[in-house]
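Reading through the structure tokens given below for one structure.
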Amino acid sequence: MNISSEPPHGEIKADRMECLHHDESPSSSEGKSSENGHTKPLPVLTFTEGFSQELCAEVLSSVHVGDGETLVLPLNGPVPVTEETYTEPIAEVINVGDDALIMEPENPETTEENNNHNNADDEANFIEPENLEITEDDNINANNAEDDDEDYPKPRSRKPEKWKRNVVKLMSDSGLAHTSLIGKKKEARTMGAGCSEKCKRKCLHTIDEERRTKIFKGFWEIKNHTMQWYYIASHVKSQNVAKRTLIEVPGENPRRKFTNSYYLPMDNGFEVQVCQKMFISTLGINEKWIRTAFEKQRSNHGVVLKDGRGYNKKKTYVSTVIKADVMNHIKKFKTVEGHYTRKNSKSRRKMHSMYVIEKQAENNNGSKIATLRQYRDIFNKEFKLKNFKPKKDQCPRCLSSKNKTPQEKTEEAKKKFEKHLSDKKAAEAKKTADIEELKSSEELQQKVCVLTCDLEKVLLCPKGENSDFYYKSKLSVYNFTIFVSGEQKGQCYVWDQTEARKGSAEITSMLWSFIQMKVAAGIEEFRIYSDNCSAQNKNQFLFSMYVMASIRFNIKITHCYLEVGHTHVEVDSVHATIENSVKNTDIFVPSQWYTAMRLAKKKPPPYVVKEMTQNEIFDFRPLASYQSWEKLKTSQFKEIFICGSEPGIIKYKTEYDQEFTTVNIMKKTPGRPANWKTIPLKKRHTAKIPLRPNELADLQALCRSGAIPSAYHKYYLETLPAIVAQAVEPPPIDVLSEVDDSDLESNDGISEAGDGSDSDAASSTILDANNRYSDNGSEDDNDGDDDPDYEP
């Protein structure tokens, strides 16, 4: 049994309970007879002085041995323990953050003798363990140093070389141009012209310019002020004044006490004497450097003292009161079981915010509050907790390669996986390069728009902690988000399931609306990054819209698709912010979702939320009828480029590292060609989309049960039934349905559909309209692409 203590708080707690198995000892004086006739000695636990009775009680409540056995505690006497048998402790998980924080039990220090008895058949054989003496000075840790490195995060490492004051000091010691800590600009050190022809020592004839330049560069390449003083002191010889030309006044000290001789090194290893002006101009310094070097040397018996500037600042320490407050606050967070999820967690930043609010509420005496950095440092150093990052959406290809045995990892499989990783890096590198290029030029930001877009997971309405919500069908709310890099702005296009679906017509309409808005602001080029969902943003209808937009507005459009499985983009941060803002918040009608999105971002600029109506969602299928997409496998596109100066010409790639393939997709038809600048767009939906009868019944049942407050009953009891009354038979399904990214995980074997039509394979993924939603409508639908949808 191991007991660890925390001296700063005067507490001792049981971290780990362990039963030790030893060889049976027939000479044991105490015990009871087992069923096979052997004597089972009693386990003995010894405590030294200084341990309280409360600690013993805590230990007894945590340790379980066989029925009728006794724990002998010399401090308090023998205590009988009955009933339960010993069980190993489980890992504790602290519910504090997007990163779950797991406090694992320490591993028992087993020996070879223990391992030999690690058998289920020997479970009943408890042999007397060695007595364990534990003092307050003991800091028992069963894990060795290597285990600590693996299980627990290392404290934040110091990197003095990156501190601003050290960077400025290094540049100053190197003679480079820089800006001081107070904002004053310093010019780079340069070598002076030297002395004139009138110099008595004729220095210009003694040392040439090439040698002077080498000396100047070598001096500033030292990059250390102390060593530069040492260099000066070693090349200047100082001696007492041999002869004075002025009359000395009794009682007054002469100003000049020493005579200096200056020398510069030559290539042959000797030195040549020069005048003071030549010496200081060659090194690029002034007279003060020389005086300081000799002061440092004479004050320390001939050894140049270290540069002491910047070392006299008083170091700040975190007071014990603040430290205790922070540790007590961290201990308030209760532990939860190991089935951790991100929904109900709090990050360390949020923990600090809660700590600040708590201290401000009770801060009557004006005591100080720990900063975020102090809070984080105490958390990392004082608590043995490790970060656990659950990943729900890891790349299937990467996991598949990781799980393969060495025999399964053939050369072909390795090449495919390496190609997958190289494609991932290529796509990310292109996106990063576009963003960095945009940030580096304000002029470019006025003409180019780099954006990422994605559809958020289905937002359910009503939303709350009521368990009845889980078992009832709910109303779906959709959010298609565009994040503009450089501007750091998020644009949310929102609608509910009675307005529209979430297919290609909706996504294309929203990108069309965004392009029109940006063109009016002067944008001439769009660079778009997204995932590979064919039903939404990788199909002929979207590309037909790009062709129309490029011709109408004379713009350039590039759409790059990230590697499947690695499509995490900046727009995901908008979705995370929205979801975090509504945690523990009840939502009953779609308008509350829209308000929550507008208020989700605390720092300006806020997210722009546009509520879409059927008047803004268009049917782009007629555009595709003017073009020939039959022979193009659009689902294999990695990048597509369309320019308004080349009407009808598209350039695409099916591999990131290949050149563009150029195709003219305009159909050659008799008669007058279509005018792309005036082609009208028709509405996609002409009436509200009704709910299924069972969906409406479930929502109204929630109203009658009181799960939905009466203030919102009118929406569910009057507004939605009116939509059902207008229901008409949906037209036949003739376009793409929803496809998840995982359906396109492998590009191998993708062929043209049916008679050579678009390779999005619409016919294989069409689902009946009645199967659009899951039966229970639960919140398990965590991806907006997982819910199949039909497109009338």
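Using N, Cα and C of the backbone, Cβ positions are placed for all residues, glycine too.
Remember, TrEMBL labels are computer predictions, not curated facts.
Annotated compositional bias 'Basic and acidic residues' per TrEMBL: 8-25, 152-164, 405-416, in sequence order. If you look up TrEMBL, you'll see 134-151, 737-746, 777-792 marked as compositional bias 'Acidic residues'. The compositional bias 'Low complexity' annotation in TrEMBL covers 748-764. Annotation comment: TrEMBL describes 482-626 as domain 'DUF7869'. What TrEMBL records for 1-43, 134-164, 396-416, 735-792 is region 'Disordered'.
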For the domain 'DUF7869' (482-626), the mean pLDDT of the predicted model: 94
Residues of the region 'Disordered' (396-416) by DSSP state, where helix covers H, G and I: 14 helix, 0 strand, 7 coil
DSSP-assigned states of the domain 'DUF7869' (482-626) in counts, ordered helix, strand, coil: 64 helix, 30 strand, 51 coil
